[in-house]
Structures are given as structure tokens and as C-alpha cells.
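**Q** The structure under discussion is supplied below as C-alpha cells; questions concerning it will follow.
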Amino acid sequence: MSSFLILSINAGSSSLKTTLYLEEGQDGDKQLSKLASAQISDINNPPAHLKYVRGSYKDTSELGQVADHKAAFNHVLNAFLTDSEIPQASHREDIHYACHRVVHGGSFEDDQLITKETFDKIEKLSDLAPLHNASAVSLMIACQEQLPQVTNVACFDSGFHHTMPDYVKTYAIDQKIAKEKGLRKYGFHGLSYKYISRRVAEYLNKPLEETSIIALHLGSGASACAIKNGQSIDTTMGLTPVSGLPGGSRTGDIDPSLVFHYTSDASALSPNSTKDLHISAAEEILNKQSGWKALTGTTDFSKIADPNAPDTHKLAFNIFVDRIVGYVGNYFVKLDGKVDALVFSGGIGEKSAYLREVVTNKVSCLGFTLDQEKNSKAAETGDIVDIGTSQKLRTLMCETDEDIEMAYTAAYHPERIGQGE
Ligand SMILES: Nc1ncnc2c1ncn2[C@@H]1O[C@H](COP(=O)(O)OP(=O)(O)O)[C@@H](O)[C@H]1O
Ligand SMILES: CC(=O)OP(=O)(O)O
Ligand SMILES: [Mg+2]
């Protein structure tokens, strides 16, 4: 029986989440089990924290200054390699695959082996998604240095959406310029949507190819996706993750001219730019200085999704509900009303019973239903929970898992990993 380790690496703008999996068995009878996960928050904003989880064991420690993602990676690697309760991971050589979440994959549809060629392409895409791709690129370099024997794989958040029709992907702009510069809708959160669609199909006991859902990934970055017969046909994020729904510090959809009225320096370089990473003042405003942070002063949505919150918070909550229900209606029509389920996921979608209640009540005209008691207990139950009362048109809460989705292809379908062409 063969066994080896897969490390999933998910770089956020100020955090690093990693999970170590053990893959065992032969073709046709393989099993993937989670050994441990390690997460570092507050990178470059001391004190940083390390949260380590192995089964029911949980430990949080303060790390002081962790300057960048590379330094954070040294800490998590050390945490795994020195944990005597997971002897399978005692040496660096024990880790076979490192799977990197890359938000912007440009035209890449499938996961790709990271070669010199793919690395260069991903690095170039940092211009389109500077706030996301740059930390992923720095972690690929860290892996090459720290784990020279490992097979590095890039798993793209945009890949799942390649099935969107051309009229959805295309913006109404000069197509010569659009093609030259790659200016189109890509869509993101695809690893999450891939996981959710498979889990929902399993739960409904239907083939994935016959499962159609409206999925909501509501985290600090939020989006919605229309999934027809297992494939994305539209999603709310676009060229970059800023469009669609508002988020913790992102505007979501606005009139594109707004930014030129907001500042006369829209195209000037933001002071947070570095030698290798150019961020404009406009990008900084739209991505970092807006959303819940700008409206309420907090990015903690549990404080906003509170029926007794102050008016500023209520306004933010109402904006979110308004935009979400607008997309649910839009996608219900695009799916010709042939929908198996409305699915709530992401930190907010999984934890806020109140947001699920208000959204579901507003879309009840489409036939979606809510069972108050099941909804209030959904987070305790976990995994996937039917929070509606209809067997035909379901309302579901589904805990998403981007990390296992990254390990999934390496474990079960390594033949699907592209070689960079
Ligand atoms: N109990 C809760 N009620 C409402 N929102 C919550 C709750 N717990 C966490 N959140 C929100 O979930 C979001 C984080 O979701 P998550 O999917 O983990 O985000 P990301 O991966 O984008 O960082 C934050 O906006 C956080 O405030
Ligand atoms: C794509 C994206 O916006 O990711 P996140 O929500 O993790 O920032
Ligand atoms: Mg996320």
C-alpha cells in the first residue's frame, strides 16, 4: 500500500492557512485524511498568531513579528515537522505535493505543475490581482527553497469558471484591447465552488452533471455563482475579485467612474506599492479602504449581522442583503428556474443564521423555504445541513473546504494536472 503527504497552502492578504493530508491506498481505493492544519494570522501586523489543530487538539500561540508569508511558511513547516503525534511528517522529504491556491489563473483552466514556464505566467498575472497573487508567488519560492524535493502544483480560483459562455465573460469594450490585455470576466472562489457543488451533489444523491445550484461564498471576500449541471455559467467577481458583492474592505459593484470623482490621483502609485508589486491608489481604495470597514469601522460581520446593531451596521447589513438577493434572482432566471438548491457557505454564510434567515425570506417568492430551528442549529451540526422545508427546492448551509479541494486533484486525479502548456 502506498502513502504520501500533500500540503495545501492558501495565502490570504495577511494570513497563511495550511493543511497537511495523508493519502493512502491504491488506484480506485484511495483515502485522503487530514493530519493537521496550521494557520498564521496578522502577518506584518505584530503580534502574529499561530493556530495549530490536530484532531481535537487545538493550540494558539503568539509569534511576535512575522514579516512576510515566507517567514510565516517557516513557522508552519516547523510546527508540522516537530509534532511527534504525526510521525508520518518527520522529515521535509516526507511531503510529496505542495498545492498552492492561486487566485488569478488567467487562461489556465486546470491545476498546473509549477515549472519555470507556469511560474513566470503566474507571476505576470500579479498585475491583474496584485493583492492576491503576489503572496502565492512568494510561497512558491519559499517551497522551492525549503522543500526542494516537493512537486509544486498551482490550483486556480478562476479555473472553475472557464465554462461561462463568451457573452458572460465579455465586457462591452473594444475587443482588440480586451484580447491584448486579457480584460474579461474570470471569476474567483472556484476552489470553494468546486468543493460545494460536489458535496451538494453527494448530499442530494444526484450525479454532479445533473446538479444545478445557486451558491453563495460569503467570506471576507464574497461572491455568488450560478452552477448549471455542475458547471459555472456565471459568477459575480470579474476581471479581479473587487466586482460583484461588497466585502470586508471591498466595494463590490459600483459605477466605474466613481473612483475618478473619489480621488484625482486614481492612477498614481499607492504608498503600499513595492519595487516588484505595483498597486494604484484606485486599487487600494476599491479593495482595501471600502466595504464593511469603511461603512462601519469593523470587518467583523458578526457585529454587523446583529439585529440590535447601530444604524451604520444595519445599513451595511441591508446593502449586503440587497446585493445578494439581486444576484439570486438574476441567477434563478439564468438557470431557467431549474435549481436544486440555494447554498450558503463561507465564514458569514456558514455562521450567520440571521443573514441566512433574512436572505431566504426575501427570496421566498422564488420558492425557497426556511426552517427556523434547523437554521439556528446549522453551525453546530456542521458539514452540510438542509435548513429549508422543501424537498424539491432546497435551502442548504454547506461548510466549504478550499484546502481539501486543492489536495483532491493531486490525490485522486494527478493525471488532470496540466504540464504548463
Ligand atoms: N458568527 C459569525 N457571524 C457572522 N459573520 C461571521 C461570524 N464568524 C465569522 N464571520 C465572518 O466571516 C468572515 C470570514 O470568512 P472566511 O470565509 O473565513 O473568510 P476569508 O477566507 O475570506 O478570510 C469575516 O467577515 C467574519 O467576520
Ligand atoms: C478571490 C477572493 O476574493 O478571495 P478571498 O475571499 O479569500 O479574499
Ligand atoms: Mg477565503
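Residue numbers in this text run from 1 along the chain shown.
Glycine is no exception: its Cβ is also placed from the backbone N, Cα and C atoms.
Just lifted these from TrEMBL, have a look:
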type	residues	note
BINDING	Asn10, Glu402	Mg(2+) binding site
BINDING	Lys17, His217, Leu218, Gly219, Ser220, Gly221	ATP binding site
BINDING	Arg101	substrate binding site
ACT_SITE	Asp157	active site, proton donor/acceptor
SITE	His189	site 'Transition state stabilizer'
SITE	Arg250	site 'Transition state stabilizer'
**Q** Using a Cβ cut-off of under 6 Å to any atom of ligand 3, determine which of the recorded positions Arg101, Asp157, His189, Glu402 qualify.
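**A** Among Arg101, Asp157, His189, Glu402, near ligand 3: none.
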**Q** Just checking a number: largest C-alpha distance across Lys17, His217, Leu218, Gly219, Ser220, Gly221 for the ATP site, rounded to a whole Å.
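**A** If we measure all Cα pairs in Lys17, His217, Leu218, Gly219, Ser220, Gly221, the largest is 18 Å.
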**Q** What kind of secondary structure is Glu402 (Mg(2+) binding site) part of, going by DSSP in three states?
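**A** The three-state answer is helix.
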**Q** Where ligand 1 binds, which of the recorded positions Arg101, Ser220, Gly221, Arg250, Glu402 are close by, with Cβ under 6 Å?
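**A** Checked recorded positions vs ligand 1; flagged Ser220, Gly221.
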**Q** With every protein chain in view, how many other Cβ atoms are within 10 Å of the Cβ of Gly219 (ATP binding site)?
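**A** A 10 Å sphere around the Cβ of Gly219 (ATP binding site) contains 20 other Cβ atoms.
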**Q** When you rank Asn10, Asp157, His189, Glu402 by Cα distance to Lys17 (ATP binding site), which of the recorded positions ends up on top as the closest?
**A** Asn10
**Q** Checking the recorded positions Leu218, Gly219, Ser220, Gly221, Arg250, which are within 10 Å of Asp157 (active site, proton donor/acceptor) at the Cα level?
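**A** The recorded positions close to Asp157 (active site, proton donor/acceptor) (Cα within 10 Å) - there are none.
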**Q** So what sits near Ser220 (ATP binding site) in its own chain, CB-to-CB under 8 Å and at least six residues off in sequence?
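**A** Listed in sequence order, they are Gly247, Gly248, Ser249, Thr299, Gly347.
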**Q** From Asn10, Asp157, His217, Gly219, which recorded positions have a C-beta atom under 6 Å away from some atom of ligand 2?
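**A** So the answer is Asp157, Gly219.
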**Q** When you put Gly221 (ATP binding site) at the centre and draw a 10 Å sphere around its Cα, which of the binding-site residues Asn10, Arg101, Glu402 have their Cα inside it?
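**A** Cα within 10 Å of Gly221 (ATP binding site): none.
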